[in-house]
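Trainee: If you scroll down you'll find the structure; I have some questions about it.
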Amino acid sequence: MSDQGVKVAVRCRPFNQREKDRGAKLIIDMNGAMTTIQNPETPNEEPKKFTFDFSYWSHDGFNEKDDGYLEAVPGSKYSSQRRVFDDLGQGVLDNAFKGFNCSLFAYGQTGSGKSYSMVGYGCNKGIVPITCDELFKAIEAGDPATKYEVTFSMLEIYNEQVRDLLSKDNPKGGLQVRQNPKLGLFYVVGLKKVAVGSYAEIDKRTQEGTANRTVASTNMNATSSRAHTVVTITFDQISKNEAGEETKKSSVINLVDLAGSERADSTGATGDRLKEGANINKSLSALGNVISALADLSSGGKKKVMVPYRDSVLTKLLQNALGGNSKTVMIAALSPADINYDETLGTLRYADRAKKIKNKAVVNENPLDKLIRELREENEKLKSQMGGAMPVAGGAGMDPGEIERMRKEMEEEIRAQLLANQEQMNEMDESFEDKLKRNREEQEAMGAAQANTQDRKSKDPHLVNLNEDPMLSGVIFHFVEPGEMTIGRKDATPPPMIALTGLSISKQHAVITFENSEATVKPGEQGAKTKINGVPLTGPTTLQHLDRVLFGSNHMYVFHNPLNPKAPENTPTKIDWDFAQKEIAKHKGFDTASAGMSKEQIIAQEQILELLPMVSEVNAISEELNKHRTFEVILISGAAMEGYGSKKGAKVVVKMKNLLNGNTWLWERGKFMNRRYMIQELYQRHLDGDEDVMKIPKEEDPFWEPPEDVLIGTANVFLQSLSYALDFDDKLSVTDYKGVEEGNLYVNITPCSDKGKPLDEDFFVEDPQELLGKPFHYKVTIKSAEVNKAKYSKGLHVRYKVYQDEDFTSTPVIKATLSPEFKHHRIITYPAVNEDQLGYFEQGCITFQLFGVQEDSVNDNRLMKMTTKELRQMEQLQNPGMQRRQTISGEASEESKLRNELEVLKKKFERLEKKEKRIQDLCSEWKGKPVEEQQFEPFWRHVSAVANSSGNKLKTRVEILNTDDLVSVYSFELDPNAKEQTHVGNNNPEAKRNGGLGTGSSDSPNVIQSQKMTQEASAGGAQNGSNGSINSGAGSKACIIQ
């Protein structure tokens, strides 16, 4: 017996192209066995450190050879595929020859490099193919007296269902998983195991499994990143012991590529009412719980720990690998980019727990005769149990119905065990040579078809599949024959030449005609959904080389025409899934160019490309299950949600709409992905014939959501007027996320006293800096609104936040009107204005969000008689050619800001006009006084008070007291020298002699002592008073008073 811990390795991949495009930052470093991760949000903090058996640096330090093989640059720390095998795979192989069970599983988020390490791409083969290759090399060099037998199986676990990937026909609901009562281990009933005699045969079977996996994932709308793939190699060594008995040393090698480890909560699903009911990541969560429980057991800290193997299909099948008789290796794949920090840290912690597990592996060696005898004895015992009365444990207190049900369950278990034992005995009775011969004959037939496909690819036009998983692209081929070829569902009459299964595939879906080296495609029936290069197919269209064709929701193909291989201009030589999805997004109105984009914009674009095919799929399921719901991807700017100047970037959300009453909901990305997974599960039950799917309570239906208030639109009020102590009163346009006007909002923002009383209309601040350190109060008033759409008459309310508010302030809900009178008031007080608050006035705004109340009712009963497909078509007809706008227009916010600035400038101008008018009044009053009463000092004092007033009330009336008989000139546009002289004039005797304006000659434009010119100037000032200016004549700068 070998008591050994799980061997754990981590591996860091290079940046992918998306990460390079957005200028991703590296957060992973490795030094020997140590791996460190740096939080990009806190770069000054100490990185978190983890130590594993191996830390593989594959991020950089490599060169690509002409054949595509990646080799380490001399002196670099790059870990190649071969090095990873030498450390991990070779150990698996050595233990297999010793008779130990072995398991190797890869863990990490989608796109972190799991499949590259496990399977590899091209000539950079991964652990699985190298292990298989080396296995047969070792067999060839092994003991001639030992007989070696290798069998191969390949399965996939998706949504808690097991699919045999070496079989084209899997039962509805998947293969059953049962427990061997004697050994306590779980096994898959009816899983196909094929005898193989070389690595080439394993490679062909792997290709077969990959092809079946592709077809299944396409037909069932399954996302490959959400599925676990398990390859099992059973390696038997049969030899004779010293007593001459035949002994079998058996090793089971499990090679597991786990599903992506993305956590639901990190994508925003937290708070979804149905979150607990989703199977998303259920198996990985269960695996984490098993690893934690085993780690506790191995540490000895807890003596009574129940290991929850039964919580998922995956943990049942990995029971032996994780906590039993197995030598186990885990490789955790790490994403190096800063955007994946949370997921990568989660992966490191997961791996850190796994290394604490200790297994007790034993050599599996038994005489063959003993194995067969034990199986026969067990079968006889099971048969006797079936024939006799079976006692039901714990039957006391149970009603007869429960006892009968338990008895039937026990009978079913016994019957299944009998069949499993009989199958095992039959396998032992059939020689390995016979199994190998049978499977080779089967493979030869498949090989001939594969060879024919390879030969025709360079000669005949064909469609080849695209998949989001690169390993599943280029696997399915449909050759286009001369004449007409029909495409549709297999239940069509007559049967189509190319049969497709899945969402939005019509019976007569499309027809391809090939004549004179040219192919054309047309819809097979009205409403059949096909897209060519992202554009819906409405009539006959010529297919050109490398055109992208989407049948239904997810059958994506590239058309190849070797007879006319000229592709349209600007078509890339390599077409991948991302390119095809960007093309679809572009035709839906989303910008797909990444040049000049910020990091946040590129991330939003990636999320859009990720969600679009998912939304298309969910819409198709809604049609098929007739759920009366439609979904669309929208991009809402931070300004629309949180106000102009929001530091948060645009948010990608999915809008769900009830086609019966127009109710809408906005789901964050995580919530939608959570619901989409449940919708897939519901649809799978429908395909499996579960009639209860159409009768589930609405509370359990992932398509149903209780009514919630809907955001109709937003309006921004910029606060620049407050920095000048001016009020704002205007009718604001309320726009939705597309920039469409939905109504108006009447709002007033007014500086006020602490009691809410408006300041005197003459109060004005010329320099906002004067507000610093002083108390300031302003009142927000929401008067009323006008809403365009009648459906919002059920109730309307407004909410908003001001600077440093944590919670929204809301108005009462006003019902039964489209012109609600809110009459809402709120006073905001700053005891002493600081720089941040002043900056908020000058640059910030208040975003008012207008919400409408929704009710779960149907306004028009005639709509109930229409299907979801008909309702969606009707909605599209009602909005012909409507161009989608992906965000609330930034121009709308800028326009609102400019309007506000203009309003402030107008009010400042009005204040200055009032100043000017009051000074004119002073001039007129002075002029009207008798000469003996015209005294300069009081006049100068009051004119200066008016001209220099700031932050105070402007005096409406000024009473002038005569104290001197000086002549003075007041200038509105003093040159710098004259201005300087003005400031010292009152203390300068020479200035007094020159009218109190400082030194100046008698011909200065600012000082004129002629009686005649004084009279003309006074007359000119009176003439121009109505125009808001005071002049002493054309081009003059001074008003002259004697």
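A Cβ is built for glycine as well, from the same backbone N, Cα and C atoms used for every other residue.
OK, TrEMBL features for this one:
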- 895-925: coiled coil (COILED)
- 1000-1016: compositional bias 'Polar residues' (COMPBIAS)
- 1017-1042: compositional bias 'Low complexity' (COMPBIAS)
- 3-365: domain 'Kinesin motor' (DOMAIN)
- 484-537: domain 'FHA' (DOMAIN)
- 440-461: region 'Disordered' (REGION)
- 979-1042: region 'Disordered' (REGION)
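Are these features on the surface or tucked inside, and what are their neighbours?
Mentor: Per-residue confidence over the domain 'FHA' (484-537) averages out at a pLDDT of 93.
Residues 194, 197, 201, 204-205, 207-208, 477, 479-480, 514, 519, 559-563 of the same chain lie 6 or more positions beyond the ends of the region 'Disordered' (440-461) yet place their CB under 8 Å from a CB of it.
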Trainee: Do you know the DSSP helix, strand and coil residue counts for the region 'Disordered' (440-461)?
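Mentor: Tallying H, G and I as helix, E and B as strand, the rest coil: 18 helix, 0 strand, 4 coil.
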Trainee: Could you give the number of helix, strand and coil residues in the domain 'FHA' (484-537) as assigned by DSSP?
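Mentor: Its residues divide into 0 helix, 24 strand, 30 coil.
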